[in-house]
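Enquirer: In case it helps, TrEMBL gives these features for our protein:
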{"type": "DOMAIN", "residues": "29-443", "note": "domain 'Major facilitator superfamily (MFS) profile'"}
{"type": "TRANSMEM", "residues": "28-51", "note": "transmembrane segment"}
{"type": "TRANSMEM", "residues": "63-83", "note": "transmembrane segment"}
{"type": "TRANSMEM", "residues": "95-114", "note": "transmembrane segment"}
{"type": "TRANSMEM", "residues": "120-145", "note": "transmembrane segment"}
{"type": "TRANSMEM", "residues": "157-178", "note": "transmembrane segment"}
{"type": "TRANSMEM", "residues": "242-265", "note": "transmembrane segment"}
{"type": "TRANSMEM", "residues": "277-301", "note": "transmembrane segment"}
{"type": "TRANSMEM", "residues": "322-347", "note": "transmembrane segment"}
{"type": "TRANSMEM", "residues": "353-370", "note": "transmembrane segment"}
{"type": "TRANSMEM", "residues": "391-412", "note": "transmembrane segment"}
{"type": "TRANSMEM", "residues": "418-439", "note": "transmembrane segment"}
Amino acid sequence: MASEESPMLVRTPHEAIYDRFAPDKKRWILFHVSFVGLLAMFIQVTFVPSIPRIAKDLDLTDAVVSLAFSISIFATAIGALIWASYSSFYGRRTIYLWGMSFLCVGSCGVALSASLQSLLFWRFVQMFGCSGALSLGIGVIGDLYKLEERGTAIGEFFSITLIGYTVGPFVGGAATQYWSWRNLHYSICAWALLEMLFIYLSLPETSHPGTLGIDKLPSRRSIHIVWINPLSTLWLLRSPNLFAVMLASALMVSTIYVLVVPMAYTIGVQYGITNEAIIGAFFLPNGLGSFTGALIAGRLSDIVIRRWREKRRGAWCPEDRLRATWIGGLIIVPLSVGASGLITTYIGGPIGLALNILCLYANGVGVDSVTNPINSYNVDVLHSRSAEATAACIASWSLILSATSALIVPSIERIGVAWTNIIAAVFAVIGQGIIFLTIRYGDRMRASIDVGFSTIENN
């Protein structure tokens, strides 16, 4: 019998749904969707180092070609909402296949582009196709893993997907420098075709039986097309809880952008680095830090959930998972971004460069120590619409971070690297304060506007 200090956590009848797949099968599915996410992250960051060479080949300016980066952000926001909305109706597997088909066509189109208009159009199609990979992947994890396991699974998912973010800039820069940006996108097309084949042959539908919209139709045609308003997914953010954690995570992720977006103008200028491949390689420590932070935070958030349920004699409070964010959000993120600004401004030579690399790594650890528990929290509180909740968060991030990206370089030119980074550090602390308020008043916030929150009986 469990003691009063450490009561046994009772297994709910709903948890039997998570036994549909054997553990080895779950691992294979997790590995598979993680590699789709890796491809998506890789595509997002390989384009930036290619901008100068694309501009030269198409006889355009860097600023004009950079419009494709803004197009990418818009496509990611819209695509994430659309794919997540339709995955709740048609299922994860079907939407994965559609997304990969758009990605294949878009990648070939980018490689064949001969004008600005064609480049922008095909870059939009390419990013639209891969934009659902993260939200669909988290939705699949929510389908497969129960409450006390999904934080670890989401951590493993992001640790693999972030490999794409880690190596993408270096590969993009090296391919541009020593090979061809067109051949790079042909290779991405081939990769996407291979992923689509694997999905078709070996990825089962993971949505819980009877939960898909198409399963609830009184009669079905062989081809059944419905209209689902993707913007309705954003309406989930009317919940104070979901909006608060979205905003907090956006403030944390913005510190990565403050460090890496102007890297050629900060670290590059201060330490005399001009080679695109070398500048791209400076993404590696930040990506490695994200890899580390995702693994640690995922497992830690599950431990926190279990311990607080034991303290409450089996009662579940969703906001307990957010307690795993404290060290990353309050200490590591603000210190790393603030220190990097000061080091870049006042410390030159190899010592300054080495310290900046350390700050980039620490920032990656800290940011994912916050965003991973938040992603798991979104699945916890809205399990039946986990992909949509994640997509709403990603789309909102995209809009906030696009505005942030546009302000970073002008801010550095006006007030300097040090003050720009310090301001970002202050916003990160504000973000952690928002998380604290959500932990403290989460139950009241959920009660104020109910968007269909999950309970322990159906989570």
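Residue positions begin at 1 at the first shown residue.
Placed from the backbone N, Cα and C atoms, the Cβ positions cover glycine too.
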Enquirer: Would the transmembrane segment (95-114) count as touching the transmembrane segment (28-51), if touching means at least three Cβ pairs under 8 Å and pairs must be 6 or more apart in sequence?
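Expert: The transmembrane segment (28-51) and the transmembrane segment (95-114): touching, yes.
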Enquirer: Below 8 Å between Cβ atoms, which of the listed ranges 63-83, 120-145, 157-178, 322-347 makes the most pairs with the transmembrane segment (28-51)?
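Expert: Per the Cβ under 8 Å count, 157-178.
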Enquirer: Mind checking which residues reach the transmembrane segment (63-83)? Cβ under 8 Å, same chain, six or more beyond either end.
Expert: 44, 47-48, 51, 54-55, 95, 98-99, 116, 119-120, 123-132, 134-136, 230-231, 233-234, 390-392, 394-396, 398-399, 401-402, 405
Enquirer: So what's near the transmembrane segment (322-347) in sequence-distant terms, Cβ-Cβ under 8 Å and 6+ beyond its ends?
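Expert: Non-local partners: 151, 245, 248, 252, 255, 258-259, 266-267, 270, 293, 297, 300-301, 303-304, 308, 355-356, 359-360, 362-363, 365-370, 373-374, 377, 416-422, 424-426, 428-429, 431-432, 435, 438-439, 442.
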Enquirer: Using Cβ atoms only, state whether the transmembrane segment (418-439) and the transmembrane segment (277-301) have three or more pairs under 8 Å that are 6 or more apart in sequence.
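Expert: Counting Cβ pairs under 8 Å, fewer than 3, so no.
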Enquirer: If we call contact 3 or more Cβ pairs under 8 Å (sequence gap 6 or more), are the transmembrane segment (157-178) and the transmembrane segment (391-412) touching?
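Expert: Between the transmembrane segment (157-178) and the transmembrane segment (391-412), contact is absent.
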Enquirer: Is the count of Cβ pairs under 8 Å between the transmembrane segment (391-412) and the transmembrane segment (242-265), pairs 6 or more apart in sequence, 3 or more?
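Expert: Contact confirmed: at least 3 Cβ pairs fall under 8 Å.
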Enquirer: Do any residues, 6 or more residues outside the transmembrane segment (353-370), come within under 8 Å Cβ-to-Cβ of it, and if so which ones?
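Expert: 158, 162, 248-249, 252-253, 255-256, 259-260, 267, 271, 282, 285-294, 296-297, 300, 324-325, 327-329, 331-333, 335-337, 339-340, 343-344, 347, 431-432, 435.
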